[in-house]
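K.L.:
Would you mind keeping the following structure in view while I ask a few things?
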Amino acid sequence: MGATNLDKVAFRKQQIQKMTQMQAQTQAESAQLTQQLFQTSAWQKARSIATTISSPIEVNTRQLITQALKDGKQVLLPKTMPHRQMAFLPFDDQYDRLVVSKFGIPEPAYDAALVNQTPDLVIVPAIAFDCQTRNRIGFGAGYYDRFLAGYHGATVALVPTVMKYDAAQWPLEEHDIKINQLILCH
């Protein structure tokens with residue numbers, strides 16, 4: 001593991017602690033960020049939306065899932081697969097049907113016939129965003145980096161105050177994929 005990875009590891013540890021401490025503020029900002037998302041052309045044009053079931057330290061995704069289904073959009077959730085790949089599968093608001101992954105994240109059961117790897121819009125999670133370059137740093141497993149490398153649709157991130165950086169405080173790398181649009185708290 002080189003110095004860059006150690007820097008990322010140290011940043012992740014510090015950032016997750018910060019996110020945990022500011023959890024109440026992030027939850028309070030969730031509604032504003034979600035409402036701003038609904039006003040974007042990316043959201044309005046999308047017929048299918050890929051998102052995650054959020055953890056308590058992330059922007060709450062339940063409101064956007066509910067609104068997407070109400071608007072007749074297909075909601076897709078990621079299922080972690082071997083070799084650090086992920087597959088997006090439909091979600092119909094049946095939270096009790098989700099299975100908790102080894103990462104502690106609720107996921108849909110795998111069904112090859114239902115996989116959709118080309119959603120119109122991906123709401124990209126992360127632990128921090130560089131607002132100048134639109135780069136992100138995730139939790140460290142690389143699932144979204146691998147997926148986004150071959151994805152050509154719209155990407156949006158909901159960025160609460162705790163995740164917003166004017167410049168990256170972590171090492172940026174060649175293979176980092178920029179997010180199309182960052183939605184920030186005002």
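Glycine too: its Cβ is placed from the backbone N, Cα and C atoms.
For reference, TrEMBL lists these features for the protein:
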BINDING   Lys8, Val9, Ala10, Phe11, Arg12, Arg136, Ile137, Gly138, Phe139, Gly140, Ala141, Gly142, Tyr143, Tyr144  ATP binding site
BINDING   Ile53, Glu58  substrate binding site
K.L.:
Which value in Å gives the longest Cα to Cα span across the ATP site residues Lys8, Val9, Ala10, Phe11, Arg12, Arg136, Ile137, Gly138, Phe139, Gly140, Ala141, Gly142, Tyr143, Tyr144 as recorded?
P.N.:
20
K.L.:
Do me a favour and check the Cα-Cα span between Tyr143 (ATP binding site) and Glu58 (substrate binding site); whole Å is fine.
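P.N.:
Their Cα atoms are separated by 17 Å.
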K.L.:
Compute the C-alpha separation of Glu58 (substrate binding site) from Lys8 (ATP binding site), stating it in Å without decimals.
P.N.:
19
K.L.:
At a 10 Å cut-off from the C-beta of Tyr143 (ATP binding site), count the other C-beta atoms across all protein chains.
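P.N.:
Its Cβ has 18 other Cβ atoms within 10 Å.
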K.L.:
Any idea what the Cα distance is from Ala141 (ATP binding site) over to Ile53 (substrate binding site), rounded to a whole Å?
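P.N.:
Answer for this pair: 17 Å between alpha carbons.
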K.L.:
What whole-number Å value do you get for the CA-CA distance of Ile137 (ATP binding site) and Ile53 (substrate binding site)?
P.N.:
18
